[in-house]
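Feature list (source: Swiss-Prot):
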BINDING   GLU561  L-isoleucyl-5'-AMP binding site
BINDING   LYS605  ATP binding site
BINDING   CYS899, CYS902, CYS919, CYS922  Zn(2+) binding site
MOTIF     58-68  motif ''HIGH' region'
MOTIF     602-606  motif ''KMSKS' region'
Amino acid sequence: MTDYKDTLNLPQTDFPMRANLPEREPQTLARWQTLDLYRKIRKDREGQPKFILHDGPPYANGRAHLGTAFNKTLKDIVVKSKTLSGFDAPFVPGWDCHGLPIELNVEKKLGKDKLSANAFRQACRDYAFSQIELQRDDFQRLGVLGDWQHPYLTMDFGYEADTVRALAKIVANGHLLRGQKPVHWCAACGSALAEAEVEYRDKASPAVDVGFEAVDAEAVRQRFGVKNATTRVLVPIWTTTPWTLPANEAVSVHPELHYALVKSELQNQPVYLILAKDLVDSAMLRYGVDDYEVHGNLKGDALEGMQLQHPFLDRIVPIILGEHVTTEAGTGNVHTAPAHGLEDYFVAEKYNLPINNPVDARGRFIPDTFLVGGQPVFKANEPIIVLLADSGHLLHSETIQHSYPHCWRHKTPLIFRATPQWFIGMNKNGLRERALAEIEKVTWLPAWGEARIGKLVADRPDWCISRQRLWGIPIPLFIHKKSGELHPKSPALMEKVAQLIEKESVDAWFDLDPKVLLGDDADHYEKVTDVLDVWFDSGVTHFCVLEKRRELKVPADIYLEGSDQHRGWFQSSLLTSLAIRDKAPYKSVLTYGFVVDSQGRKMSKSLGNVILPADVVKNLGADVLRLWAASMDYTVEVNVSDEILKRASDAYRRIRNTARFLLSNLYDFDPKKDKVAVDQLVALDRWAIFTTQKLQEKIITAYDRYRFPAIYQAIHNFCTVEMGSFYLDIIKDRLYTSKESGLPRRSAQTALYYIAEAFVRWIAPIISFTADEIWQFMPGDREPSVFLTQWFSDFPNAALSGEEEQRWQLLLQIRDEVNKALETYRNEGKIGSALTAEVVLYADERLNAVIATLGEELRFVLITSEASVLPFNEKSKAAFDTALPGLALEINVSEFEKCARCWQRRSSVGQIKEHADLCDRCVSNAFEDGEMRQFA
């Protein structure tokens with residue numbers, strides 16, 4: 001038998017079948033660096049409309065984890081897609097460099113006491129730099145394009161100086177407050193914590209009911225209309241923090257709630273209790289009392305001013321009115337310790353009550369505190385409860401599990417503790433109202449983000465921006481020693497400090513002799529040594545980065561971070577921006593869910609479910625990780641596991657194989673001279689171009705709307721359905737067996753060329769390494785990288801009418817039914833390959849009209865040796881119905897010989913003497929002018 005291999009146009013390409021991403025991707029990275037790709041993109045897009053995605057700075061501590069890898073990948077997808085849309089979309093990465101975790105690491109390594117303050121700060125700076133280098137390598141290895149040589153760092157001298165300038169503007173605009181307010185305090189940190197640094201965890205706490213005895217019981221009884229009685233009156237409070245009782249200054253009741261005077265017997269003694277009417281039954285049940293009488297009924301405002309005896313201190317405390325009192329639990333009477341609770345503080349402020357804070361920075365009672373001096377606060381619960389029981393003031397005690405604030409770093413319970421701090425006042429100059437109004441102008445993705453941040457801003461307290469740490473940006477203020485007022489020239493003085501910091505770092509402030517700035521006034525002023533909350537550092541990036549860097553702009557088009565940043569960066573950025581320039585720093589905000597395992601659990605070493613991005617990159621490649629990121633619905637929790645990553649790897653393989661097929665059939669195609677005009681295209685090729693163009697519109701829209709899973713699904717379906725199992729499958733025969741330069745083959749190659757040009761760009765934002773690798777093998781003259789181009793727009797006008805579209809959709813369904821039937825016959829051993837079969841289609845009028853248009857070329861669409869169509873009502877006994885209404889099939893084994901070249905079984909095989917083992921079509925294609933195709 002003659003070997004006809006040389007007469008075939010078999011696929012050939014140097015584009016490797018095996019991706020080998022872990023080895024190949026670093027080579028692509030090196031090429032990008034040699035090319036200086038990021039700078040080239042910037043130059044290429046100069047003068048185009050700007051699109052700014054502003055990078056929220058990750059913390060400079062530790063290698064990139066899967067959450068940060070997911071974050072940077074999504075951002076990179078957005079930036080690259082906007083670049084392909086023609087925007088100038090620079091990406092300036094940043095890092096958050098101050099704060100406690102870095103201090104703790106340096107402390108552990110070097111010890112704090114062994115170093116001077118300046119040396120300690122330098123050690124923190126060095127440590128942060130080392131962590132930035134690690135993370136920068138991790139992010140670049142993921143294929144993230146950005147200005148990695150010039151990132152913004154919150155510890156850069158210039159950034160630190162600009163942060164001081166941002167604070168100066170906030171001071172000048174009247175938003176800064178000073179006060180001794182209760183703040184979340186971590187004893188392990190020895191510092192206040194921001195709202196965003198607080199985690200809520202379950203904690204076991206004692207829940208106690210404590211009786212405060214009325215000083216003038218008779219007057220109280222008379223208020224309730226009870227006369228001629230001598231029984232004492234108790235006002236029970238319910239609390240889960242008995243340790244705060246030494247700081248009690250009042251008992252709060254709600255002015256509008258109804259309160260009852262309840263007569264009962266407790267501890268074998270008659271007693272009157274004042275309880276919220278709605279809580280009488282639950283309280284008496286708790287006290288184990290069945291027999292009680294309700295005497296009188298008063299609204300809370302009638303109790304205001306009543307005096308009570310503190311249960312164990314020589315202190316008289318008043319009943320005051322508070323709107324925060326509820327009937328959800330307890331007694332309706334709220335223990336009020338202004339030093340240990342915000343609501344307590346605010347209500348006490350109205351009554352000018354003292355802020356009595358007996359707890360030091362280590363979370364211990366100061367030595368002269370009665371009973372519990374020197375003890376840690378939580379250990380003080382027990383002796384206080386024992387004392388209350390011994391004195392008869394303990395009405396009930398139990399242990400409950402409840403959600404309680406913990407330190408995000410130490411995982412230890414926090415306390416509320418009043419300390420002198422600096423605040424951005426939420427209600428000063430209408431900041432809260434303006435923030436809520438501005439939130440409504442921003443586009444929130446998903447939409448529920450608006451309600452979430454709105455509620456957080458509506459409910460949040462003043463923002464405590466001061467910390468008592470060494471490693472941070474100073475709050476460079478001078479306070480008058482007698483009046484406590486800020487120096488009248490504070491903004492101007494802060495500018496002078498900023499200029500010093502710009503040259504010498506934050507040490508310039510800590511080392512500064514006040515006389516240098518204040519002269520003779522220095523003796524009257526105290527220098528503030530607090531540093532700024534790190535959320536302030538990162539919250540002013542809009543001022544220090546977006547406003548200062550020439551290539552950026554404010555407001556940014558989008559901020560993109562995890563949903564926890566509604567409490568953190570989104571909020572701190574919004575508040576500082578409003579306090580500085582009275583508008584939001586962003587036009588839109590996109591949030592995503594936490595990365596969890598396949599069972600929805602957080603990544604944890606103890607659970608053994610931690611997956612490191614470095615390991616994924618090492619084993620599967622960055623493009624597989626990127627494809628996983630794009631495929632996930634980020635609006636909910638994002639699942640990851642080895643199995644999920646394997647699925648991403650399989651999907652990647654399908655995309656790569658599709659690209660390889662396209663490239664391997666374009667090896668001899670020169671788009672300048674081989675492209676076929678649209679009016680000469682084979683109908684199937686025209687359909688493929690039209691389908692590609694139509695899908696591109698959907699994909700670009702999905703990129704614009706940040707619908708990455710929809711893009712992933714569209715590309716995956718394109719590779720597996722429209723292309724893989726339909727178009728590419730059908731045209732193999734034409735590509736391989738038609739005349740090399742004949743119209744049928746060039747028509748198919750023209751379609752493949754357009755598909756490849758579009759396809760490589762679709763995947764570029766997601767699997768960037770692979771897209772740029774494909775780009776190097778594409779035919780024709782082109783830019784050195786796919787990222788120096790835009791979405792493909794050079795499609796011919798291959799538009800189909802609605803009727804033509806519908807016809808091809810029906811053909812897809814018909815072919816699917818034929819394929820299923822052939823597969824069944826193959827599994828049953830009735831046929832070998834599909835080319836051994838002859839198919840008769842029995843079709844109703846609707847389907848017949850579609851099938852008949854293909855004429856003799858129907859067999860090429862079905863990839864069978866013969867195919868014919870007959871009316872549905874002429875079904876033979878051998879025919880069987882399909883799932884498609886109006887279509888039945890009959891499958892027979894062809895009785896003809898197989899063509900040695902195209903493998904189809906045709907009656908013409910053996911009829912041509914010179915080429916007895918070929919069909920007439922192959923003789924024409926190999927040795928004559930070649931066949932013609934009209935439809936397929």
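Cβ coordinates come from backbone N, Cα and C, glycine included.
What Swiss-Prot annotates, mapped onto the structure for a quick look.
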residue : record                          : Cβ contacts under 8 Å, 6 or more apart
GLU561  : L-isoleucyl-5'-AMP binding site : GLY56, ASN71, TRP569, PHE570, THR591, TYR592
LYS605  : ATP binding site                : none
CYS899  : Zn(2+) binding site             : ARG905, ARG906, VAL909, ASP917, LEU918, CYS919, ARG921, CYS922
CYS902  : Zn(2+) binding site             : ASP733, THR737, CYS919, ARG921, CYS922
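DSSP states for the motif ''KMSKS' region' (602-606), grouped as helix (H, G, I), strand (E, B) and coil, give 0 helix, 1 strand, 4 coil. Under DSSP, CYS919 (Zn(2+) binding site) is assigned to coil, being neither helix nor strand in the three-state scheme.
Look at GLU561 (L-isoleucyl-5'-AMP binding site): DSSP puts it in a strand.
Cβ atoms within 8 Å of the centroid of the Cβ atoms of CYS899, CYS902, CYS919, CYS922 (the Zn(2+) site) belong to the same-chain residues THR737, ALA900, ARG901, TRP903, GLN904, ARG906, VAL909, LEU918, ASP920, ARG921, VAL923, site residues excluded. CYS919 (Zn(2+) binding site) is surrounded by 28 other CB atoms, counting those within 10 A of its CB over all protein chains shown. Taken through DSSP, the motif ''HIGH' region' (58-68) splits into 3 helix, 1 strand, 7 coil.
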